[in-house]
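Chemist: Below is a structure I'd like to ask you about.
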């Protein structure tokens, strides 16, 4: 069983056929993560993102300088998952062992939509696997547990949500060990020291670890409110919760009644608690952005329930109960497969790498070719071709000195070999709370800011575009001057001396949901700060699930209306309201020297619509604080 499961995991999980560089939002951050690792950029100061120093392991993007790291880490991950699952199934009936093993691998693979997205389940299961394995008595379990704990430490530096889940579950493990009389928090020490050591291995400063954690907490803190996407597939999260609760209740109740633990009904609290934490994290990962991310939730549910079934089956008295546990996993796997195909069909050109058919054959052929060196040579050729394709499709103008790009597409800069020096939060849509805005502002005002900016305006999720780093537009106008337009962007050069900025802030006003509010009319620009106060229920809903969407409706002077999303997570940060800037040329007209600002439409009234969808209780208070202001920027010197 150990050999077969290890071999199957080796075929199905490592990126034998990795993704290749492309232009675009997701491929761009994947390329930046590879570039950051190769160049030793410091996470927490040079870069602030949802991913960490080993984040390039997540996207599995081919880079000749990092592919050996990617393949090595995923090989260890596959062997650990296969070996750990086999270890849990050593006393199971043959039918049960085959079914559960298949479901674990199917769940992990079904959560991967394509060659680059999503790898969350493979990393999320590590702390859960650790708890389940360590529950088995004996030295082999403890030794293997230490190895899995080190892999969880590696995962903590891949993505910060993996750090959080690993820390909480391992903290619970050592709390249980202390309850049993063990004084030393052994696994927490292994996890912490392993994470610190691997942080250094990744080229990071040991002293910078605290800053990495602090900045990652700032990113995680505003994610649910700023990045949420609601879907017409509203039954998916409901079905997820029903399946998860049914499994936890059945496993917990049956285990509690088991004769083996009758003397202490709380013996199995730790596996159940770890399972609940795991399910909560994959639920949030899959349904906060209820789009293609949903495959994370369903794949994670399948893999997590299957691993838990391998543990709890030995605690159940009847075969019927064990069959029901497995059937719950099967139901989840059916939905996982279906959603994988659904979302893959909605993203043309992306491969849905389910463990079926040609994908398996391609992996086996790649493994065979890798030993002879032919596969690596082929990957290098494909990589060179992909880079050349980016250069042809996204040519760049002549750029001087270190360069940054707005809002997010760094792929052309990296493909051209430009001196890329980004702001810490290097994608504008991810600058979604005051802390992250402050981090980028301090960078722009400091000595490491880029000399040249390739500036464009674009957003995601139908947001109001002026909120995506719009609070920093006056800073950009003060520090940079417009050189020329290029395609849909403008080239900005850093000024020798910054221009002065003066804010003229008006009095706060209170409005209600749906109330029309006149916008002050002046020759200059009008900025607005909107403060939405979350209720107690709103905070609970945001933690457990996500906030509803708030829409901003703007009435223009010609009578047209513009409707876009308002991001409450900005918590009163100002953004430009009028003129209505929607493109880089609009921005140049407003902030450049001698621009034709009259050509940019002005806003005469605004309205903030009630949050949608409606919830069981108000998420935000009825009163909304609105403050208009004006920014005066010194004329060109």
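Backbone N, Cα and C atoms are what each Cβ position is placed from, and that goes for glycine too.
Straight from TrEMBL, here's the annotation block:
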TRANSMEM  43-62  transmembrane segment
TRANSMEM  69-89  transmembrane segment
TRANSMEM  95-114  transmembrane segment
TRANSMEM  121-138  transmembrane segment
TRANSMEM  144-173  transmembrane segment
TRANSMEM  185-207  transmembrane segment
TRANSMEM  237-256  transmembrane segment
TRANSMEM  268-287  transmembrane segment
TRANSMEM  293-312  transmembrane segment
TRANSMEM  324-341  transmembrane segment
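Can you tell me where each of these features sits in this structure?
Modeler: Within its own chain, the transmembrane segment (121-138) is flanked in space by residues 13, 58, 77, 80-81, 84-85, 87-88, 107-108, 111, 144-145, 148-149, 151-152, 155, 158-159, 161-162, 165-166, 169-170, 172-173, 187, 270-271, 274-275, 278, 281-282, 285, 296, 299-300, 303-304, 307-308, 310-311, which lie at least six positions past its ends and keep a Cβ under 8 Å from the stretch.
Listed by sequence, the residues of this chain that lie at least six past the ends of the transmembrane segment (144-173) yet keep a Cβ under 8 A from its Cβ atoms are 50-55, 57-58, 73, 76-77, 80, 83-84, 87, 120, 123-124, 126-131, 133-134, 187-188, 190-192, 194-195, 197-199, 202, 213, 216-217, 219-220, 270, 273-274, 277-278, 281, 284-285.
Listed as Cβ neighbours of the transmembrane segment (237-256) (distance under 8 Å, sequence separation of 6 or more from its ends, same chain) are residues 265, 268, 272, 275-276, 279, 283, 286-287, 290, 297-298, 301, 305, 308-309, 312, 315-317, 321, 324-325, 328-329, 331-332, 335, 545.
Beyond the transmembrane segment (324-341), the same-chain residues lying 6 or more positions past its ends with a Cβ under 8 Å from any Cβ of the stretch are 96, 99-100, 103, 106-107, 110-111, 113, 236, 239, 243, 246-247, 250-251, 294-295, 298-299, 301-302, 305-306, 309, 312-313, 316, 352, 354.
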Chemist: Taking 3+ C-beta pairs under 8 angstroms (sequence gap of 6 or more) as contact, is the transmembrane segment (95-114) in contact with the transmembrane segment (268-287)?
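Modeler: Per Cβ check, the transmembrane segment (95-114) does not touch the transmembrane segment (268-287).
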Chemist: Who are the long-range neighbours of the transmembrane segment (69-89) in its own chain, taking Cβ under 8 Å and residues 6 or more past its ends?
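Modeler: For the transmembrane segment (69-89), the nonlocal Cβ contacts are 1-2, 4-10, 12-16, 18, 37, 54, 56-57, 60, 96-97, 100-101, 104-105, 108, 122-123, 125-126, 129, 132-133, 136, 140-141, 144, 147-148, 151, 154, 307, 310-311.
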Chemist: Cβ pairs under 8 Å only, please: of the recorded stretches 43-62, 185-207, 293-312, which one is richest in them relative to the transmembrane segment (268-287)?
Modeler: 293-312
Chemist: With Cβ-Cβ distances below 8 Å as the criterion, list the same-chain residues six or more beyond the ends of the transmembrane segment (293-312) that contact it, or say none.
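Modeler: Sequence-remote neighbours of the transmembrane segment (293-312) are 85, 88-89, 92, 100, 103-104, 106-113, 118, 120-121, 124-125, 128-129, 132, 135, 231, 233, 236-237, 240, 243-244, 247, 251, 254-255, 268, 271, 275, 278-279, 281-283, 285-287, 322, 325-326, 328-329, 332-333, 335-336, 339-340, 343.
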